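Peer 1: Handing you this structure, nothing more for now.
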């Protein structure tokens, strides 16, 4: 990029360093046509330097994308299910919400998908927290907090996911 | 080395009961000699444990896929495998040259189909080779048995391959866990159960083989591994249309390595060898033809190939030049001009039509809404629907937790190989979210990365267990981080608590893994072992009724109709009619001619006199429809009827979908629309 900025010389600027007139025809044309009345600003433009993000930043982005994919965002966009289902209570006539779409295995309501995705991410964050306790040189209280938070996250996520799938597929013997 | 035997032991505990060998062998051994008197060194003990685990996993992967063979009989399932079976039969009877040049006039009447040029021969050739091999050893097997058991055999091979791949990426512990996980993962079992004689059974093995050989080539930089990966790629191209995934993932991986500054001579050698040789070999398959240089889907690989040459040139010039500033200027100009020339060439190629654009099937992966609006055939297949959370949970269970944790471990220890597995995992998970069928492609990546998480976590816990109160200079753990020594020192204060906690956590991990095994076995036995051609239902008294109507119908056709009769049915049943009924059909599952299918759809949904005209023009003698009203079978032709209307209406605007609906609702009883009541269906 550096050579390109130098070629259209402003009309009041220096001649080429060798002291003789340039033989470049383009230079002469440009000297006359736009730059007889346009004046070049002395700007110091730099291309923004792109630095690669740290691995953990990328990992955070990846976790976010994983959450969206596993919650079934593509299913939501294409099939457009309602946020939550509803049925009429046969006796009272009031409308009751249904969270799990019954019928096929491959179907969901939006909110259900998001909460399941959250459970999966919670479980994996728990495992990551457990690993963080062993690795870094932190204060002891922080480490105990990480351990307890990690274990409880994994247990909670696992129990909730089992509960979800048991409700979704009534014949789930496990 | 000592630390490694514990996680391997831990994995052995989570194996399910069908392993009658292991209780017997210690008894036998202790009968003759004990381990102590045998004086096995630790290395040999470790080798013995590893080999025995791999043998058990191999047998397990084969055995768990045999549910339907034990319940019903050894037969081919579903629709597509019947075509594969018919072509394999032809191959073993007539030989390879007849097979390669086969023109089939029994399907797609009156057009016929060039079978030699429109299929992926890898699966058929593999099964035929196995059959000829067994015959050579004088085992008198029938080709059907070989076809039925090909998929479980290759699933077992995939587990061994997963072990080597895990060893390449992380260490042997991760490899063993990966082999165990992939042996029973429901996402893989769904398409490789015994009887599912389909391309994917072999293709996943070929996919993992290509990836393993390529990663090995990048790690070692040797030409022989690059050559092997080219041949692995050739096998993948011959096996499945999903090779497009490989030819796009590998250039993307190379690009990411280049961006993160990991260009090296090893990468150059590996990629060039694989690309050039792989491309030349792939062009030998007639179905693929010249797509590697003509189709838009393969252009990424070519672009990255040229970029690699540019990088090599720049590296060489850097080596020659001594002036860094001059080199920087030259670098900028070269990269800009190279990218510019590439863009111009791509533009010219696309505009002139030489480079064809992305086909609908693959474009709908990038833009999922495309198929819904434009191509109803692709949108109608139930396997192509996008994935909901419950399908993910059904197929992966705890692997969904372990996958991001494994990604974390990979990001902590970045190397060429871990970057590859991360990219494979992320891209395949995205595609698995777009289409249910592609959960299969994501399964090896998810299993490998989860194995890394399991292995690393268990290793942490067992190191905690083994942490003795010595001077903390034993940095024999993971990564050798200096903080570890200090943290070990601080751990010594609450020593017993840590030990108990670690033991409890280890039990928790084993419990989770055993729940995974139970889930996988349940899913396999309940959901993925049904041959769709034989159906089971609950009778009126709750007893299990098995009805074999499909096969009985096809045999009726075979025995009671003249040999040159032509049968018209919806395209789902085409393959089965030609394979079992041995009659000519009008349309079948290949769905390569949309207009022909639309003609059949139009005939099914027009009034009877119009339909008669259409059927006379096609020389139809018999019409086959599937009706499930008597038994409560729900995926019959009445249910699929609206798709016939949509597809027919896509080509012939005479057929309009609202004609068949009452108030926007699809009814088939007395209150149905008049057009619905009077049409052929």
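Just so you know, glycine gets a Cβ as well, placed from its N, Cα and C.
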Peer 1: Quick test of your reading of TrEMBL: among B:5-25, B:26-46, B:47-67, where does it put transmembrane segment?
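Peer 2: Residues B:47-67 are the ones TrEMBL records as transmembrane segment.
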Peer 1: Which one of B:428-449, B:450-471, B:472-493 shows up in TrEMBL as region 'Disordered'?
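Peer 2: Of the candidate stretches, TrEMBL labels B:472-493 as region 'Disordered'.
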Peer 1: Per TrEMBL, which of B:230-256, B:365-391 is transmembrane segment?
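Peer 2: Range annotated as transmembrane segment by TrEMBL: B:230-256.
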Peer 1: Of B:72-92, B:93-113, B:114-134, which span is tagged transmembrane segment by TrEMBL?
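Peer 2: TrEMBL lists transmembrane segment for residues B:114-134.
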Peer 1: Would you kindly list the residues that approach the transmembrane segment (B:114-134) from elsewhere in its chain, counting only those six or more residues past its ends and only Cβ-Cβ distances under 8 Å?
Peer 2: 84, 87-88, 91-92, 96, 99-104, 141, 143, 146-147, 150, 153-154, 197-199, 201-203, 206, 235-241, 285-287, 590, 592
Peer 1: Honestly, do the transmembrane segment (B:201-218) and the transmembrane segment (B:417-433) touch, with at least three Cβ pairs under 8 Å and pairs 6 or more apart in sequence?
Peer 2: yes
Peer 1: Between the stretches B:146-166, B:230-256, B:299-317, B:392-410, B:417-433, which wins on the count of C-beta pairs under 8 angstroms to the transmembrane segment (B:268-287)?
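Peer 2: That would be B:230-256.
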Peer 1: For the domain 'STT3/PglB/AglB core' (B:566-624), jot down how many residues DSSP puts in helix, in strand and in coil.
Peer 2: 33 helix, 8 strand, 18 coil
